[in-house]
Structures are given as C-alpha cells and as structure tokens.
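*Asks:* Quick one: the structure is below, questions incoming.
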Amino acid sequence: MNARRRLWSLLMLILAVGTAATLTIMALRRNLTYLYMPSEVLRGDTAQQTHFRLGGIVEKGSFQRTSGTLHTRFIVTDGNARLQVRYARILPDLFREGQAVVATGQMQHGIFIAENILARHNETYTPRTLTNKMQPTPTQHTHLDTPIAQTTP
C-alpha cells in the first residue's frame, strides 16, 4: 500500500509540474514581442495582424506631423528597405531623424501602426546641458602656464 501511495503521489507531482510548465509557456508565447527590421517585415517574415517590434533608423527628411494633433508619420529604414510608421502619441524626447528607434505595434495595409516608441541612442550619448557645461567658458583656463603658488597660513 505504501508503494502504491508513493507512485500515486509521484504521478500527481509530474502532472502538476507538466500543467504548470504548459501554462507558463503559453503565457510567455502570448506576451512575446519579436524585433524585426524593415527588410524582414517587407519580405513577409511577420504575420499581418500580430504585434511585433520594428527597429531601424528614422530616415532624415521623412518626419511629418499633422498640425493641431499628436499624429506623426515617418519612415524607418535599415539601409535595405523603408517602412512607413504612424504614431498618435507624444514622442520621446530623444526621438530625432537619423537616430535609432524601436516601435511596438502592428502592420495595417502596408503601414506600421505604432503603439509605443522607444528612441535609442548609443553609449556615447551626452545630454546637451552637460555638453554645454563641459565646454570651457572665456573665464575658465584650459591649462595652467605657471605652477600654483602654495600659501601658508
């Protein structure tokens, strides 16, 4: 009887772990958002109505804003392909033409409708205010021609 009880407990444990693993995998698959470049999207690597992230560079001269609204349009490129993006929310402060961007959304009729925009920058980014503070002003000396005299109290 004791061996039968252990076998039953082991089977229940295996069933519980299997169920938990299946539910976890299903939840993760539903929440995964893949990153694609414009050339991959136009090649058809994504399904038409699925959510995904679009990464690339905002093409210079492509940014347009509808006056009086938050609606914007711009083109994201990876150097090989171009894809039009529409966005209807406030853009991040770092958003600029010629800079990297990651947009989350879905394709609709050949246009990427973004729900979220992340402006990316490289590791050498320095805020403008910090750059201005780091530049020497006319009253600052960039080097000393003479040694500093020591003062004694």
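Backbone N, Cα and C define each Cβ position, glycine as well.
Relevant sequence annotations retrieved from Swiss-Prot are reproduced here:
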- 1-6: topological domain 'Cytoplasmic' (TOPO_DOM)
- 7-27: transmembrane segment (TRANSMEM)
- 28-153: topological domain 'Periplasmic' (TOPO_DOM)
- 130-141: compositional bias 'Polar residues' (COMPBIAS)
- 130-153: region 'Disordered' (REGION)
*Asks:* Reported in the order helix, strand, coil, what are the DSSP residue counts of the topological domain 'Cytoplasmic' (1-6)?
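*Replies:* Tallied per class, the topological domain 'Cytoplasmic' (1-6) gives 5 helix, 0 strand, 1 coil.
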*Asks:* Note the mean pLDDT of the topological domain 'Periplasmic' (28-153), expressed as a whole number.
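*Replies:* Averaged over the topological domain 'Periplasmic' (28-153), the predicted model reaches a pLDDT of 78.
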